[in-house]
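Copied over from Swiss-Prot:
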type: DISULFID; residues: Cys29-Cys76; note: disulfide bond
type: DISULFID; residues: Cys39-Cys53; note: disulfide bond
type: DISULFID; residues: Cys54-Cys99; note: disulfide bond
type: DISULFID; residues: Cys74-Cys113; note: disulfide bond
type: SIGNAL; residues: 1-25; note: signal peptide
Amino acid sequence: MARGMKLACVVLVMCMVVIAPMAEGAISCGAVTSDLSPCLTYLTGGPGPSPQCCGGVKKLLAAANTTPDRQAACNCLKSAAGSITKLNTNNAAALPGKCGVDIPYKISTSTNCNTVKF
């Protein structure tokens, strides 16, 4: 548990650095990290995502309702994916579908977030 909290804090700080220069009103990495922190077990190879994880995914999708918000969320996810040791890339890419939502990009360190549109 302590390791997970430490990782979440590192991800949060990294997300803040990435998003700080973006336009005001864009979704924050803090919100993304908070919404998706229950997904950490699944993203590192655990069994299917928990109901709390899927609830966070759905909450994030609902909050990201403009192009700048979706691009900001994408950048946060991209940064977080790069900072999670032992990230299971297949689980990361499958997460939205496992939670019954559709996002227009893969959760990956190679995603070009500038192409994400609402």
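A Cβ is built for glycine as well, from the same backbone N, Cα and C atoms used for every other residue.
Owing to the predicted nature of the structure, the values given are computational and were not obtained by experimental measurement.
Annotated features taken from Swiss-Prot, shown on the structure.
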{"residue": "Cys29", "record": "disulfide bond", "DSSP (3 states)": "helix"}
{"residue": "Cys39", "record": "disulfide bond", "DSSP (3 states)": "helix"}
{"residue": "Cys53", "record": "disulfide bond", "DSSP (3 states)": "helix"}
{"residue": "Cys74", "record": "disulfide bond", "DSSP (3 states)": "helix"}
{"residue": "Cys99", "record": "disulfide bond", "DSSP (3 states)": "coil"}
{"residue": "Cys113", "record": "disulfide bond", "DSSP (3 states)": "helix"}
Practice prompt. State the Cα to Cα distance, in Å, between Cys74 (disulfide bond) and Cys99 (disulfide bond), rounded to an integer.
Written response: 17
Response to the item:
For Cys99 (disulfide bond) and Cys113 (disulfide bond), the CA-to-CA distance in whole Å is 21
Worksheet item: Given Cys53 (disulfide bond) and Cys29 (disulfide bond), what distance in Å do their CA atoms have, once rounded to a whole number?
Response: 16
Item to complete: Please report how many Å separate the Cα atom of Cys39 (disulfide bond) from that of Cys54 (disulfide bond), as a whole number.
Response: 8
Discussion item. Let me spell it out: for each of the disulfide-bonded residues (Cys54, Cys74, Cys76, Cys99), count the other Cβ atoms within 10 Å of that residue's Cβ, using every protein chain shown. Which one has the most?
Written reply: Cys76
Discussion item. Please identify, among the disulfide-bonded residues Cys29, Cys54, Cys76, the one with the smallest Cα-Cα distance to Cys113 (disulfide bond).
Written reply: Cys76
Item to complete: Note down the number of other Cβ atoms within 10 Å of the Cβ of Cys53 (disulfide bond), including every protein chain shown.
Response: 23
